[in-house]
Amino acid sequence: MNPPQQYRTYLSVEGDDRSNIDVDKITRIFACATMWHETPEEMMEFLKSIFRMDEDQAAHRIVKQYLQYPIEGYYEWETHIFFDDAFWRKSADDNDPELNTYVKDLIATLGEAANEVHKTTVRIRPPIIYSTPYGGRLVWTLPGKTKVIAHLKDKAKIRAKKRWSQVMYMYYLLGHKIVDNDEYDETRVANRSKNTFLLALDGDIDFQPDAVHLLIQYMKKNDNLGAACGRIHPVGSGAMAWYQIFEYAVGHWMQKATEHVIGCVLCSPGCFSLFRAGALMDHNVMARYTTRATEARHYVQYDQGEDRWLCTLLLQRGYRVEYSAASDAYTHCPEGFNEFYNQRRRWMPSTMANILDLLEDSDHIKEVNDDISTPYIWYQMILMVGTVIGPGTIFLMLVGAFVTVFNMSQYSALWCNVAPILLYVLVSLTCESKTQLLVAAILSAGYGLVMMMVFIGVAMQINEDGILAPSSLFFFLMMGEYIIAALVHPKEFYCLKYGVIYLMTVPSMYMLLVIYSVFNMNNVSWGTREVTVAPKAVPGEPKKPEKKKASMVVETLHKVRDFFMSCSSDPKHLLMINDSLMAIREKVDHIDQKVLDLETITLDPDAERPRKSTWKSGTTMLEGTKPSKMSVHSRPSALRKKSTLDKHGGIYPNSSLVDEESDDDDSLDTLSDDLQNNNWLYSDELIRGHVTFLEKKEELFWKKLLDAYLHPVEDDKEKVARDLKDLRDRMAMSFFFINIIFVVVVFLLTIKKEILHLQWPFNPKVNFTYSSALNVNEIIIQKTYLELEPIGFVFLIFFFLLMGIQFFGMLVHRFGTFSQIMANTDVEFGKTKIENMTEDELLRRDPLKTFKKLIKLKGVNGDDEKEEDVDAHVSRRKTVADLAKNKDKKRAIINDLDSAFQARMAKIRNGEETDVAVPRKTLQAIHRRRSTVMNIRKSQLRPFNPNAFRSFPENIPQDNSSIVYQYDNPTFDGTVDESNG
């Protein structure tokens, strides 16, 4: 027998017995959210989703560990937040930045989100705080023991924007944690990468655990699947939000479903998408994704549409991208006109650039990707052509509507519609973006009124030409397709009512917005980014004399002096004075302690240098003179506890510690710099946290990654602006040239329709003429067929074809979604009753649902209503009696799900009443299963033999801190009582 294994088994607590499980095949999900300037309300929705995932993962883990039950869909979870522009500087040369208000909002919102999800007051342990080469890091441990790790990016140390945050977490979570892990050989790396997934999220996303499980099912079903996305629902109020609700619905119902069925989804949105680690780690995916934009087209394709470009790279490597309509996620959408236009100004050019890239490389993609076929490429080409000539098509529709409604001539209607377009083009060429948006908003309102007239014109045209006329057929088929699509999406049928808003805004969204996007293609910013550095002084202006800032002690004494002068002789004021003096004394003591610490580290050459201890993986730790305990310099606050320097590399803690001497003293200098130049570590929001430092190996990794890909760069702004303007001019010229040719040709053919036309064979107009010429009574029947211009007829055929393909794709995809929903639905009809079920049947029934009741925090501390009392009649509630009963009880407050589970199970074993409604027979089955597990475990343990360790002294840890238990966590000190199992 291997002594170290025996030692760990004998001392393990509620051990996670993975000896018979291939740990590398366990599903591991890293949720990676990118944040920037989200509001507290948006952060709340995101954090509530994370707390729900934390609770769900805890239920999976506890079922698996407590019952040793093979639960389907077990996974491990860790949340990472990558915060852009997390710091604010007073000046450009300020080396001691402060946390910005958005980070402070995140810290404040975390506890509120916990209370919202658990429906009770929850205390989240203060974060562990790191100073990192890219800025900083905050690590929280949630009630379910999953971690939330906020990476605070300093714009002066690392590149900003979303794509570089994605590069950051790909190389950290996949490169550093998997590929560079010395414990993994090639086989383990391959298995880990296959079963590790990155869930890309936005900072305002709202989702349920089931949505993630559905995406995981897609991944497990097809190893060639590189990414999967869910159904995104926009959330907001107002006309712009209503428009987007219908737009998103039609886009998912028709376009995404069709792409999924006949080929691959081209864009898996970064707000809620699951990526396979192995696919991202393939050649020319992650590596190419780090490409810095050097050409004008790169700025549009790479930085404006990073999500679509990443999916394009996956497709070019042969991976598939799919869409799950049952996986719902909700995101805040732009509610203002300007915000919406700026968002689409980024999306539209990048979408076209990536599709062009796909079409140009279609021959190679068809070779390497089995899901991309020639008909699918043709389908995308038709869509591209329709997108390009879309403004011209809408323009011709408006001309025809003016002719029908106002009885205008073709030329008059043409000039009436040319005038506003020419005006907007001139504004786009000569005015700033704000003016363009203002004019676009005014024209959009006018076009909304025009579209109401168009509806009337369409009705008149249908009445005149009949329902079999081309325009009538197109209208009825389009409306019928939308209605049927809504019917087969019953939960989203409400979206159909916003179709009126969608139709009213067609000229704005498909004509004005396209013009705005084309003429502002040279603007590659993401909008109005707040200044993270105080404004510089204007050259030539006289500088105002700055007062020399007094020290903290002097400044505080001045405040006390002013307080003395302003207060009276009232005893209350004297008590306030005394409190202020005590606070001053405490601050002075803290400052003295901080200075003493700095002098001990850096100034006293005769002082005993702290001894170093390193993790096997390279973590450098500072130790004091006592060999048994590690020490770190305490924060200058009485509220800051001393913390040990622990490894926080993720969800897989290292289990052994060795002492070794090192000659590298750089970490001491780094520590001194951190204490001097990172006062944000001691901000009010983090006053109760614990400051630690990165392990040496990880710090070196970040420094190398920054040097290779992420170091801040200053582009040649003049050259970039000039290149982007040239690109804008070329694209605008090509775009208008194509649309003008299309409009002129179709318009002239419409004018000369009697010369060159095609006859529509259906529903001709019949005219009866009675003639009595030459004393012969005759009835002359004359049929008049509708005349169509050839080009318009060809494009009408293409539109009909597209609608047919998308309708077919939607129906096929709905059948697949229905199959997935039914496979995940537990149908109770025809099942055995609970009282007739065996123990195994009870456990298989729905263990997660039962354990989620047993682990919930609400009610476990005795300060909440019982589950059965929540909806009870007011006459039967015992709220006041319960308060009186519990008023004198003093107990430790439970703030984690494991402890809540232990407390309830202890009550159940003791026959006490619990606050959850679980069938007694189910509880008995759980208890019997647990007893069986414990008996098996005890029978497998061999008697402890101390002599077995004497021949292996190097395997015996010298310090209790090196033993890793199942529930060890620096921010969590609850453990499972094995004796109560």
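Cβ atoms here come from the backbone N, Cα and C positions, even for glycine.
Annotation comment: TrEMBL describes 376-406 (among others) as transmembrane segment. Counting same-chain residues at least six beyond the ends of the transmembrane segment (376-406), those with a Cβ under 8 angstroms from any Cβ of the stretch are 258, 262-264, 266, 352, 355-356, 358-359, 362, 366, 412-414, 416-417, 421, 450, 453-454, 456-458, 460-461, 506-507, 510-511, 514-515, 735, 738-740, 742-743, 746-747, 795, 798-799, 801-802, 805.
For the transmembrane segment (413-431), the list of distant contacts is 395, 398-400, 402-403, 406, 439-440, 443, 446, 511-512, 515-516, 519-520, 736, 747: same-chain residues at least six beyond its ends, Cβ to Cβ under 8 Å. Taken from TrEMBL, the feature transmembrane segment applies to 413-431 (among others).
The feature transmembrane segment is assigned by TrEMBL to 437-460 (among others).
Beyond its flanks by at least six residues, the transmembrane segment (467-488) meets 249-250, 253-254, 458, 461, 495-496, 499, 760, 762-763, 786, 788, 793, 796, 799-800, 803, 806-807, 810-811, 814 of its own chain at Cβ-Cβ distances under 8 Å. Positions annotated as transmembrane segment by TrEMBL: 467-488 (among others).
For 500-519 (among others), the entry in TrEMBL reads transmembrane segment.
Residues or ranges marked as region 'Disordered' by TrEMBL: 607-669.
Positions annotated as compositional bias 'Acidic residues' by TrEMBL: 658-669.
Annotation comment: TrEMBL describes 732-751 (among others) as transmembrane segment.
Proximity of distant same-chain residues to the transmembrane segment (791-812), defined by a Cβ-Cβ separation under 8 Å and at least 6 residues beyond the stretch ends, is recorded for 253-255, 257-262, 379, 382-383, 386, 389, 393, 470, 474, 477-478, 481, 484-485, 488, 742, 745-746, 749-750, 758. TrEMBL lists 791-812 (among others) with the feature transmembrane segment.
Cβ atoms under 8 Å from those of the transmembrane segment (437-460) belong to residues 337-338, 341, 397-398, 400-401, 404-405, 420, 423-424, 427, 431, 471, 475, 503-508, 512-513, 516 of the same chain, restricted to positions at least 6 beyond its ends.
Outside the transmembrane segment (500-519), and at least 6 residues removed from its termini, the chain residues within Cβ reach (under 8 Å) are 239, 242-243, 246-247, 250, 341, 344-345, 348-349, 390-391, 394-395, 398, 421, 424-425, 428-429, 436-437, 440, 443-444, 447-448, 450-452, 455, 728, 731-732, 735.
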